Amino acid sequence: MAKIYYNDDADLSIIQNRSVAIIGYGSQGHAHALNLRDSGVDVRIGLNEGSKSRAKAEAEGLQVMSIAEAAKEADVIMILTPDQVQAQVYEESIKDNLEEGDAIFFAHGFNIRFGYIEAPQGVDVAMVAPKGPGHTVRREFEAGRGVPDLVAVEVDASGNALQLALSYAKGIGGTRAGVIETTFTEETESDLFGEQAVLCGGMSHLVQYGFEVLTEAGYQPEIAYFEVLHELKLIVDLMVEGGIAKQRWSISDTAEYGDYVSGPRVIDPSVKERMQDVLKDIQEGVFADRFMKDQASGAKEFKELRAKEEKHPIETTGRKLRSLFAWEQTDADYTEGTAAR
């Protein structure tokens, strides 16, 4: 059984007696910074010169400086820049500003697990990873609740790294919901697998194929969109509330029977075998190497794949429908998925 920590297991004064630098001010960065500030923690933001996020951070009353300055001032540095730039940011602006007794934190273990970042001796390396997007982390904190976090320690140079990480998690509201102890390896590999095989890659392509099957059979695109994409949220919400069992209990007998007899025809044992291949590529560093090499060469493959997927007919249909119905988001930037970029 996983070890789970709550409010009574964490001492907020530990992080309150440290100086924290949040490197990056995107989806997670703004939530961490604001929650820590509201928890009485000394926080500053480290950003690249000319960053578009500077004005947003300053508007919240946060102290903003260069990444190097923030790393030099602070003794806890949370790196929340995108995975593909973390190693460069670390080498250019953070590494030489670390001192014995400092700690570097991450919200995802990618760069530590695959060896792109190696901390000097005497520096704690830990992870505090909220299991939710930044706007949810902030909203739940303001409501007096929290989002579950993962916590891990890779290097415990001080002998107090876990307590420091738990204190940080308490500062952003994680211990209100529960903080699960893990390792950098477990978090990184399982997170990448979940994204690629189920949550993002698996789900996206399942939805696209479902849309194609219906429209190619002559059904209206708008009807197909509702049946294979829009209603997906209703099903996922039920799963989150009570597992697959509650989802099956909540739907009609017709739908439940169809789940049992037709689901295995689509997702058969061969899919599981291919999922195991995906996991193997992650574990052996094949995916990480491919991703980082592509990013280093200008992200050519990444951009080509993104452009191709954006042209799928379900996107055109979805944009049209979302603009017509009052129950949808009015913030077009958020609706189209660019708010955190």
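Note: Cβ is positioned from N, Cα and C throughout, glycine not excepted.
Pulled from Swiss-Prot, these are the features on record:
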ACT_SITE  H108  active site
BINDING   Y25, G26, S27, Q28, S51, S53, D83, Q84, V85, Q86, G134  NADP(+) binding site
BINDING   D191, E195  Mg(2+) 1 binding site
BINDING   D191, E227, E231  Mg(2+) 2 binding site
BINDING   S252  substrate binding site
DOMAIN    2-182  domain 'KARI N-terminal Rossmann'
DOMAIN    183-328  domain 'KARI C-terminal knotted'
Helix, strand and coil totals (DSSP H, G, I; E, B; other) for the domain 'KARI C-terminal knotted' (183-328): 122 helix, 0 strand, 24 coil
Proximal residue to Y25 (NADP(+) binding site) among recorded positions H108, D191, E227, S252 (C-alpha distance): H108
Pairwise CA distance, D191 (Mg(2+) 1 binding site) versus the residue listed as 'active site', rounded so that it is a whole Å: 9
Overall pLDDT for the domain 'KARI N-terminal Rossmann' (2-182), taken as the rounded mean: 97
Sparsest-packed among the binding-site residues, when each Cβ's other Cβ atoms within 10 Å are tallied, from S51, E231: E231
Greatest C-beta neighbour count within 10 angstroms, which of the binding-site residues S27, S252: S27
In the chain carrying V85 (NADP(+) binding site), residues 6 or more apart in sequence that have Cβ under 8 angstroms from it: none
Distance [Cα-Cα, Å, rounded] between E231 (Mg(2+) 2 binding site) and the residue listed as 'substrate binding site': 14
